[in-house]
Amino acid sequence: MVVPQKKFANGKRNDSTKSFKPMKKPFKKTKDDVAARSEAMALQLEDVPDFPRGGGTSLSKKEREKLYEEVDAEFDADERVSKKSKGGKSKKRIPSDLDDLGLLFGGGLHGKRPRYANKITTKNISPGMKLLGVVTEVNQKDIVISLPGGLRGLVRASEVSDFTDRGIEDDENELLGDIFSVGQLVPCIVLELDDDKKEAGKRKIWLSLRLSLLHKGFSFDSFQLGMVFSANVKSIEDHGSILHFGLPSITGFIEISDDGNQESGMKTGQLIQGVVTKIDRDRKIVHLSSDPDSVAKCLTKDLSGMSFDLLIPGMMVNARVQSVLENGILFDFLTYFNGTVDLFHLKNPLSNKSWKDEYNQNKTVNARILFIDPSSRAVGLTLSPHVVCNKAPPLHVFSGDIFDEAKVVRIDKSGLLLELPSKPTPTPAYVSTYDAAGDEVTKLEKKFKEGNHIRVRVLGLKQMEGLAVGTLKESAFEGPVFTHSDVKPGMVTKAKVISVDTFGAIVQFSGGLKAMCPLRHMSEFEVTKPRKKFKVGAELVFRVLGCKSKRITVTYKKTLVKSKLPILSSYTDATEGLVTHGWITKIEKHGCFVRFYNGVQGFVPRFELGLEPGSDPDSVFHVGEVVKCRVTSAVHGTQRITLSFMIKPSSVSEDDSIKLGSIVSGIIDTITSQAVIVRVKSKSVVKGTISAEHLADHHEQAKLIMSLLRPGYELDKLLVLDIEGNNMALSSKYSLIKLAEELPSDFNQLQPNSVVHGYVCNLIENGCFVRFLGRLTGFAPRSKAIDDPKADVSESFFVGQSVRANIVDVNQEKSRITLSLKQSSCASVDASFVQEYFLMDEKISDLQSSDITKSDCSWVEKFSIGSLIKGTIQEQNDLGVVVNFDNINNVLGFIPQHHMGGATLVPGSVVNAVVLDISRAERLVDLSLRPELLNNLTKEVSNSSKKKRKRGISKELEVHQRVSAVVEIVKEQHLVLSIPEHGYTIGYASVSDYNTQKLPVKQFSTGQSVVASVKAVQNPLTSGRLLLLLDSVSGTSETSRSKRAKKKSSCEVGSVVHAEITEIKPFELRVNFGNSFRGRIHITEVNDASTSDEPFAKFRVGQSISARVVAKPCHTDIKKTQLWELSVKPAMLKDSSEFNDTQESEQLEFAAGQCVIGYVYKVDKEWVWLAVSRNVTARIFILDTSCKAHELEEFERRFPIGKAVSGYVLTYNKEKKTLRLVQRPLLFIHKSIANGGGSKTDKPDSSIPGDDDTLFIHEGDILGGRISKILPGVGGLRVQLGPYVFGRVHFTEINDSWVPDPLDGFREGQFVKCKVLEISSSSKGTWQIELSLRTSLDGMSSADHLSEDLKNNDNVCKRFERIEDLSPDMGVQGYVKNTMSKGCFIILSRTVEAKVRLSNLCDTFVKEPEKEFPVGKLVTGRVLNVEPLSKRIEVTLKTVNAGGRPKSESYDLKKLHVGDMISGRIRRVEPFGLFIDIDQTGMVGLCHISQLSDDRMENVQARYKAGESVRAKILKLDEEKKRISLGMKSSYLMNGDDDKAQPLSEDNTSMECDPINDPKSEVLAAVDDFGFQETSGGTSLVLAQVESRASIPPLEVDLDDIEETDFDSSQNQEKLLGANKDEKSKRREKQKDKEEREKKIQAAEGRLLEHHAPENADEFEKLVRSSPNSSFVWIKYMAFMLSLADIEKARSIAERALRTINIREEEEKLNIWVAYFNLENEHGNPPEESVKKVFERARQYCDPKKVYLALLGVYERTEQYKLADKLLDEMIKKFKQSCKIWLRKIQSSLKQNEEAIQSVVNRALLCLPRHKHIKFISQTAILEFKCGVADRGRSLFEGVLREYPKRTDLWSVYLDQEIRLGEDDVIRSLFERAISLSLPPKKMKFLFKKFLEYEKSVGDEERVEYVKQRAMEYANSTLA
């Protein structure tokens, strides 16, 4: 709507004449104006009223308008005069965009009408404006939207919707990309405008898509049918999606269409558009339809009272042309509003200059609202065909495209409209005057003509207009860079410097694009004054570094600009050997980071920098330096590039022996403050670096050695830690050199829970990095590095420290190694730490001697640990005594106070002392004069005259022996100990360990007792010292890992060595042999073939034995690398032949059936595991260990650990080196299976379950088995024979004798002894094994002979395996297999079955065969008939007398007389009468239909049923024909009993809350007999559920049909309402037709089985072929298979039935589905999952509601209430408008005695349609009466009768329920209320009649008369 002419943005009129002055910049707004608009936005975009307060006027409306026109005319005249007079003449100027865009704020109006159409620009857009935009980009944190006028807006992720709980900030990219798509039209609102900091003069437009802002001011009344609204998807439900409109109390909903299309692709948070289809004003729910065609075609209706606030961008309106403007059209729409359309939004985007002719006044068109400005109340419309169709205009061109043949369509004052020949359709383009003529002032009409073809280049795109912006300037076609797509990394181009700042320079290409040259790239060197380097306006040559997010970066470094080397701009371009230029971005100690083009980055390791050893990279390189580098490796997937500054690769050495972990020697070249540089001795000149920390394991010794080393000194043993180019990193640490072969250099060499040596390479706050060989590095987190959680890592370790690391985890995928450095898990297990200290002490002593000769070190040889030495006292002080030695210079002795032994020493005296310790570096000897040391020593002194007397080495001490010691001297690094128990032998122990060097050490005192272990005896490697390990240092006992012995050439595989046993383990002997070699002897390497249970009994620790080395240590396993494999088998030691590795491989060959021996090392519940050899293990399954049950029960006891067990090879897994054994011989030819032996044995056992087992099971085998399942009915037992092999024991093969319950005493999991009777293969390729548990079979009896009872009782125990073994009149026994109404089947053996007809079941009549002959019952009978060809056997179960004739034949008619009263049972009901079995006679009589009743009887079958007990009178006896005529009329029985000959009906008063079965249930009830369980009511759980789906509970009384159930037909007519007579009669007819159809089906199905019931599968196949659409037959077939325990076959029959039954027979198919439900519910594995799968399939083919009800019935009958409740909840959600579903929910709740019924009722009333409320409430009340609380039922009835007091059907049902309860006072009171109503006579007659019948049944004559009197009174009052 166009605003009044002189109103401003705030709506206030300003009468000041200053306000009418011409404005030079009408669009420029002050900061205050913007701030005011922002404030308005913050106040939720409230409109400011025209007159905020006061200011009334006395002028009328017409007078005001006239005054405004006069002022406007005067103002326009003044404006024109002032323009002309200023400067004397008007100036020519280029028309600006502001002139033809039109104003939104009153500056461009002419009279009452605007001169220009409203257009949006950056200068007039303001907060609060609503616009229609199109999504152009979906970024990680925002959305870019193209707005009208070519503007670009941004939407933050937090402004896309009103939802705050979506977690947008966690994963914005995924969320925004899911709910928005490029090209989507969206309505938005302007939040704020920001000045773009990156580009001056541009403003950022921040938008919001929140509907709470767009729909502000809307109310529920604003929603009208047919309107289009935007909404956010709040949640997705089963039936549709819940929508959010941004309004607090209004909810939307979109239902899922039938085809489900509406649901596809819809996601939570998505913004959609929909047409209002339904409005629920009660619940304030608006239903929408999101059909795109409906949304696009929907017009906004012209509603009364619509305000400006209700207009939303995107609305389609019917607009009428009001006038044509200079650059558009003015429309009015919706009666009250005006809007404009500019030239670029016309219907034809390529309109020529005559476009105005197309829009005549009052012409109506469809337009869509483009934008709305609430402040000026201006509206923009669009006629663009695509936007009107609710689609974004397509664009077929791109920025930078050049078109040589663009056609001029129209020439305007502001520019040219062109037609670009794009495909598939032309695209309009507009060229402004500036881009067409440049700075020249010229008229476009003179230069261009319409229809001309010109060359144009696309500058940009306006997506909302579908318009391209072009230029005709020549400069636009010249430059190589015009758009961002033209920019390629590495390209060289010219650019002009336009600005210079402290961060760099901004340059501009010839095409207009801008780029940045960072400060570091302005020169090769550091630039301090960039403005002097770059001059604004200078044109320079640059190289493009990259273009990311339309931001171009360039460089001016000369080396890069002029480089001729290949450009590296992507990781895929990086190939090994590529040489290119880059620049350094970061320098670290371990290398440099180098960057290339487009952000590609690589790393140069330190050894590839080409530095001299000891040089610092920072001193050689600087950040920003351009370098030439070579790619050494590239991993494209992980984007890792490794580089080298050494262009030509060089090898470390030509000597291949130098590799990681090798030992080398070298000569010191130079020494720096941090490292020692050595020249390594090799074929080529190679240098190595030894850091100061790697000179020794002890930190103090390393510093001392560093100070003593000099160039030229030779270092003999150096470990190669790492090879860095042509340099090597070396180490002189003894701990690493000693275990060089064990140090890992690759992930594959690491094994969790092993301990390895390494060194600390770096420390951080969170942990410690430990390095091994090469660059293999692990990390020890702080929690795993120190035992004390409060300790600091930096205070516990130092860089370079030797450590022992426990490998916790190895993650090769992430290349991560997790370590533990805790002393508790990494303590030393040897004395290497203190040993290294003494070795380094010797080395330091040698270094200290200026002349390394023997004479300088010879003094040490004069002293020996523990020997006596003679010396002279030099001086004495508080600490002790200093001693001089004769003929030994510069060596002193020292006796501490503790070791003076109480003697008084004076200077000059001579003493003989014991040597305790020697410090070669300090040239000091520690001595002792303690008597116990001296006295013990003198006992071993010889009588020689030598001054030097030596103690003998104690032979009693052994390695690993634990001893008690006494501290003699406490040194800084070690203790001097004596061992009193072993002659005071002197030993040495370290006070710290590798990992505790920096930690405080435990304080020891002289004389303290400690416990230690002997780790090394005196030898040259220990400097002649006995080395001990303190328990306090090790923390735990010695682990299994010990130091690895060096490999000696004398030890070879096959050599015989002498070894000493150090440890005896359960399955191996640990030995030491040779020079520090360690090995083991496996338990299988002791004896040749003996099965001794204790092979190690003859060995003891310390024993010396001879053994042969049979295998080298396994290098792949770090834990076992130190152990050689040895053997002491006699045959192995005798064999002098050459031994090699081939002998080892021969032991891995095994043949099937081969007998092998192993030793038990593990037993679990199922398997016993054996060690067969060093590398091969075996396992035996529990059932393969014995065939006796009692032995299997004691399985674990029979196989103690270490026992020798033999077995026969069944299978062999060569890959895992595992045998499968059995303990019974296998009957087949031996065959090698080491290489497979066949296709089956190639694979592991698990891959061929059961196949190998069945190959070695034969008929007649006696096996051990375990009962895995007791099958239902007469299915027998399922017995497990192997891990994956099962067999079946037939019901008749369980016991020898015929016992009533063969399964009694058996349980699942029980072990049994069984015999294989038969092995056969099924059609599926699986093996079926028939077993027997009968002890009478050969091999099954535990005694030597059978009992006499079993031998003599052949008839009882015999099993007839063939039909030929049977003959008529032979006595047989068997078990009932299944029972039907026509008879039953019995099983005589596992192969023979027989049929028993109903007439032969019993001597007397059998009323219910299923109950009297249940499945599994033991019966005895006689064979009547045998048909070998058809394999049919008929048996009778009737008993016989002595004469062999039936008892019934012994009776005679003479015993009966005419007139006698007899009792009996109805045998058969015929249309002509009843056949009655007369009790105690066995004879049958006929009662003709004429003799049944005194009245005429139409339908005999409806009144009488077979099996009912009746009384009758004998009317006639025909002895010739042996016929008896009976009569049952009442008159015949008057003199007898009062009992009438009528069926015994059920008590109608005892009603339950169970559904009533339809008539079909009687037929289908026959399936109860086929092996299914029954409930207490006798209803089948599996197949009888077929009828329950159509069942109606007795409480579900249809109130519309209530008359049918409660009254006779005459009463019904009185009760029916007149308006419903036709409808109800139709329903009654339908019900009657349905009942007749069910009866026909029942009769037909009965006839199918009348003549001959199928007895085997072939007969059933014939039957289903003849009646393929009968579900009854198919279900019978399923039941038959289930009776045979063949569940899979029953399933296959169900599947066949579903495929076979015609698709039109929906009821029959549904019957099969329900039977399928019950089948899976009983036999599924697991049942719940199996039923669910079948249920999901059934829903797709049948009526879902019926399927749900059927499954609910299954769950309720099987009392699975949790599943039933879960299903009911789902049903309520899916069918919430179904009354039946809600009633089932209430019925279920009442059954489970739940009290919260009212909440269910309330929910149901909210969901159900109103017309179903009465029915629901009344039936709920009936349920309460019958199953719940009667008072609640009364309350419900009373409530509904208050609303509908004249509904006699409600009164009738209410009365019936009260009558059923039997409270007379309540009933009579209710009747009194009913007959007091004012109802029509017919209804009152019905009530009175019901009252009268009630009183007749329970009352007396007085009450009957009372009712009659009340009826007369009513009749009289009515007639009056």
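Even glycines carry a Cβ here, placed using N, Cα and C.
Quick look at what Swiss-Prot annotates:
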DOMAIN    128-210  domain 'S1 motif 1'
DOMAIN    226-291  domain 'S1 motif 2'
DOMAIN    314-384  domain 'S1 motif 3'
DOMAIN    400-473  domain 'S1 motif 4'
DOMAIN    490-557  domain 'S1 motif 5'
DOMAIN    753-822  domain 'S1 motif 8'
DOMAIN    866-930  domain 'S1 motif 9'
DOMAIN    958-1031  domain 'S1 motif 10'
DOMAIN    1153-1224  domain 'S1 motif 12'
DOMAIN    1260-1334  domain 'S1 motif 13'
DOMAIN    1369-1438  domain 'S1 motif 14'
DOMAIN    1459-1529  domain 'S1 motif 15'
REPEAT    1651-1683  repeat 'HAT 1'
REPEAT    1685-1722  repeat 'HAT 2'
REPEAT    1759-1791  repeat 'HAT 4'
REPEAT    1862-1897  repeat 'HAT 6'
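Per DSSP, the secondary structure of the domain 'S1 motif 8' (753-822) breaks down as 4 helix, 35 strand, 31 coil. Within the same chain, the domain 'S1 motif 10' (958-1031) stays apart from the domain 'S1 motif 5' (490-557): fewer than three Cβ pairs sit under 8 Å, each pair at least 6 residues apart. Under 8 Å from some Cβ of the repeat 'HAT 4' (1759-1791) lie the Cβ atoms of residues 238-239, 1553, 1593, 1595-1596, 1721, 1728, 1744-1745, 1748-1749, 1751-1752, 1797, 1800-1801, 1803-1804, 1807-1809, 1812, 1815-1816, 1819-1820, 1823-1824, 1827-1828, all in the same chain and six or more residues away from its ends.
DSSP assignment over the domain 'S1 motif 4' (400-473) gives 9 helix, 37 strand, 28 coil. Most Cβ pairs within less than 8 Å of the domain 'S1 motif 12' (1153-1224), among stretches 490-557, 753-822, 1260-1334, belong to 1260-1334. With DSSP classes pooled into helix, strand and coil, the tally for the domain 'S1 motif 13' (1260-1334) is 3 helix, 34 strand, 38 coil. In terms of DSSP secondary structure, the domain 'S1 motif 10' (958-1031) contains 10 helix, 34 strand, 30 coil. The average pLDDT computed for the repeat 'HAT 4' (1759-1791) is 89. Most Cβ pairs under 8 Å with the domain 'S1 motif 4' (400-473) belong to 314-384, among the candidate stretches 314-384, 753-822, 1260-1334.
With DSSP classes pooled into helix, strand and coil, the tally for the repeat 'HAT 4' (1759-1791) is 27 helix, 0 strand, 6 coil. Residue counts for the repeat 'HAT 2' (1685-1722) under DSSP, helix first, then strand, then coil, are 31 helix, 0 strand, 7 coil. When the domain 'S1 motif 5' (490-557) is classified with DSSP, helix, strand and coil residues number 7 helix, 35 strand, 26 coil.
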